[in-house]
Amino acid sequence: MRLPSFLRRFWSIATSPSSFLSVGFLTLGGFVGGVLFWGGFNTALEATNTEAFCTSCHEMQSNVFEELTRTVHYTNRSGVRAGCPDCHVPHEWTDKIARKMQASKEVWGHLFGTIDTRRKFLDNRLRLAEHEWARLKANDSLECRNCHSEVAMDFTRQTDRAAQIHTQYLIQTEGYTCIDCHKGIAHELPDMRGIDPGWLPPADLRASLPDHGSSFDLEGARAYVAD
């Protein structure tokens with residue numbers, strides 16, 4: 001059976017456009033199409049990079065976001081607020097795209113109800129936290145450095161403990177990064193028994209710093225990371 005003439009013509013144009021359309025028209029069409037695609041892509045990208053989008057799922061709204069609202073990152077004397085994307089999405093475009101690709105699997109978690117109840121969330125909290133700590137360790141706390149920079153720190157305005165640790169372990173020593181010490185600053189910590197909390201001062205500094213205890217203590221952790 002022969003195709004109608006208009007379908008045959010459409011197929012010919014689609015498979016060999018240069019035979020029917022001028023190079024200028026094709027170039028202009030490609031440019032316009034590219035602009036529309038790029039504009040639509042970036043619009044969608046920015047729409048998924050907002051606090052409203054992050055908290056549109058009840059898993060986030062009822063658990064981690066509610067915890068964030070009780071921290072200094074959400075309400076503070078300066079009025080500068082860090083939202084979900086500030087801490088979980090890098091600002092540089094290439095790093096942002098890579099993070100979006102990583103986060104796509106979280107959509108499956110939502111669809112299959114991995115943490116759709118408080119009980120499920122608490123049961124998975126340590127696993128989720130360790131995954132995020134490992135990610136921030138691997139990228140040298142890239143999202144923290146969206147706002148914080150050790151070269152811009154005024155150590156004279158920090159506590160003696162914070163100034164000493166920042167100077168020795170961020171300025172003078174390689175291999176350390178923000179998340180090594182500053183866990184639990186925006187969300188509650190999971191059960192840390194048997195796990196190195198990271199907030200204890202390094203062994204070579206403990207003798208010279210105020211003692212917050214040698215075992216895990218939630219209030220001690222909050223006091224330490226607040227510095």
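Keep in mind that glycine also has a Cβ here, set from the backbone N, Cα and C atoms.
Note that the structure is predicted; figures quoted are calculated from it, not measured.
The annotation heme 2 binding site is assigned in Swiss-Prot to CYS84, CYS87, HIS88, HIS187 on the grounds of similarity to another entry. Summarising the environment of HIS88 (heme 2 binding site), the number of other Cβ atoms within 10 Å of its Cβ, over all protein chains shown, is 17.
The feature substrate binding site is assigned by Swiss-Prot to LYS100. Cβ contacts within 10 Å of LYS100 (substrate binding site), excluding its own Cβ and spanning all protein chains shown: 14.
DSSP gives CYS147 (heme 3 binding site) a coil state; it is part of no helix or strand. Around CYS147 (heme 3 binding site), the C-beta neighbours below 8 angstroms that are at least 6 residues distant in the chain are ALA82, ASP86. The heme 3 binding site feature in Swiss-Prot is assigned to CYS144, CYS147, HIS148; the stated evidence is similarity to another entry.
According to Swiss-Prot, the feature transmembrane segment maps to 20-40.
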Exercise. About how far apart, in whole Å, are the alpha carbons (Cα) of HIS148 (heme 3 binding site) and CYS87 (heme 2 binding site)?
Worked result: 11
Seminar exercise, completed: The answer, for which of the binding-site residues HIS148, HIS187 has its Cβ ringed by the most other Cβ atoms inside 10 Å, is HIS187
